[in-house]
Amino acid sequence: MSRPQTEEQAVDSEGDSSLHRRDEEGTQSSHRMLGFSDALLSIIATVMILPVTHTEISPEQFDKSIQKLLATRIAVYLMTFLIVTVAWAAHTRLFQVVGKIDDTLALLNLACMMTITLLPYTFSLMVTFPDVPLGIFLFCVCVIAIGSVQALIVGYAFHFPHLLNLQIQCSTYRAQSRRHILRLVLRGPALCFVAAVFSLFFFPLSYVLMVTVIFLPHISKATTWCKDKLMGHRESPAHNVEPFSIDLHAPLSKERVEAFSDGVYAIVATLLILDICEDNVPDPKDVQEKFSGSLVAALGAYGPQFLAYFGSFATVGLLWFAHHSLFLHVRKATQTMGLLNILSLAFVGGLPLAYQQTSAFARQPRDELERVRVSCAIIFFASIFQFAIWTAALLHQTETLQPAVRFGGQEHAFMFAKLALYPCASLLAFAATCLLSRFSTAIFHLMQIAVPFAFLLLRLLVRLTLAALQVLWNLRPEHPQPGQGEPEAQSQLLPAPC
């Protein structure tokens, strides 16, 4: 039996508990703050496309301008979009370490978000003045400020350990964990500091360093793997015998990946209707002079633009539907899947540009072939990276996927068809425009109309295809050889009909 506490011990324990209560006082769950941060970051990443979509391209200079657009503005957009997603990933990792927040942490997070909202402005300067280093310099300064605020969040949370994740709270190596986290949080801003310095006298190298920021976690992982292969895996020193419990290279939270992705899709769909509201509201003077006061006739003149809007919205919606269907069956998102998801979202963010190109068919019919190809390319890359996510998941299907969509699973063939539909349709439309360039607009609109109906009939089409394959398999001539399995065992290689 334990002995009763003395009066001094009771006072000490009472003091400790009151101190603990004072520490816990004012703390709150970070769930709503993280939701706000994910929404804001997805908006910031997506509105980067606006300076690109508002590029003025004259009919006589279309070829030259589109080359410049693809070489500079789209490339810079992709780079800055991916850097914003790196900031989002760092924010996600950071709040895997920080378990609770208080008022000070909430305000520090708001300061971080305010700095992030300046990135689209600096990006606009980079796009508008590509030969002037000031835009690159200011963009790098913003990234450095974001990293500095995140470092302050780390320092504050470790100063008040009750805010930390329970695993780190209980760790005896908290100081080593803090140094490890700070090193990972600050290495990206450190590269941006070097890029800001080089922007003053040799800005092309700044772009190279900023691209390095995007792939730094993967470069670090590949370097560690090569070092282990060449030099052999060495045991950790004795003082680091307790591993860091929250690996910042580990897969991101599936829930936050879905929230960020949903935010990007929602903002892209919203940008489409904003363009309609801005560009397709008739001027009252024109209605009176050109259409004899008939608003219906005036709106009819904008028919091609509304057709382009409905087609573009259907594309955004169906790509989200495919993304939702995929992550519905994902158990855990690996680091490779996270990178492929970010690349897919980067091209999804370019869909307003595809809308601008297709809505211009009526105004500039001579350029429709090039515009169709640009739109098909954007849709293809947005969808093929979705398919690549699933392919990467299949490489580790036991850990990453639900049994239904694994090889031989009940939904495997259906998921394959659902994710392959848009890549195949956009690639087929692109190839058809090369052969039938005179009908490029009709081909593109046919793809936009056919794909939604194909989604509706997809399960039926997959069942019919699998049934036909099963029939053909059963009709094959049987030539069993010694040492081989029975035909019944071989037939199991075919997936079962859905």
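A Cβ is built for glycine as well, from the same backbone N, Cα and C atoms used for every other residue.
Range with TrEMBL annotation transmembrane segment, chosen from 188-208, 335-355, is 335-355. Away from its own ends, the transmembrane segment (335-355) comes close to residues 45-46, 48-50, 52-53, 74, 77-78, 81-82, 85, 89, 217-218, 221, 249-252, 257, 260-261, 264-265, 268, 271-272, 275, 308-309, 312, 315-316, 319, 323, 374-375, 378-379, 381-383, 385-386, 388-389, 392-393, 400 of its chain (Cβ-Cβ under 8 Å, at least six residues beyond either end). Taking residue pairs at least 6 apart in sequence, the transmembrane segment (74-95) and the transmembrane segment (449-473) share fewer than three C-beta contacts under 8 angstroms. When each of the listed stretches 74-95, 107-129, 306-323, 376-395, 415-437 is scored by C-beta pairs under 8 angstroms to the transmembrane segment (135-160), 107-129 comes out highest. The transmembrane segment (306-323) makes contact with the transmembrane segment (376-395): 3 or more of their CB pairs lie within 8 A, with pairs spaced 6 or more apart in sequence.
Tertiary proximity for the transmembrane segment (74-95) is limited to same-chain residues at least six positions away from its ends with a CB under 8 Å from its CB atoms, namely 30, 34, 37-38, 41-42, 44-45, 48-49, 51-52, 112, 116, 119, 123, 126-127, 130, 139, 143, 146-147, 150, 153-154, 181, 184-185, 188, 207, 210-211, 213-214, 216-217, 246, 248, 252-253, 256, 260, 338, 342-343, 345-346, 349-350, 353.
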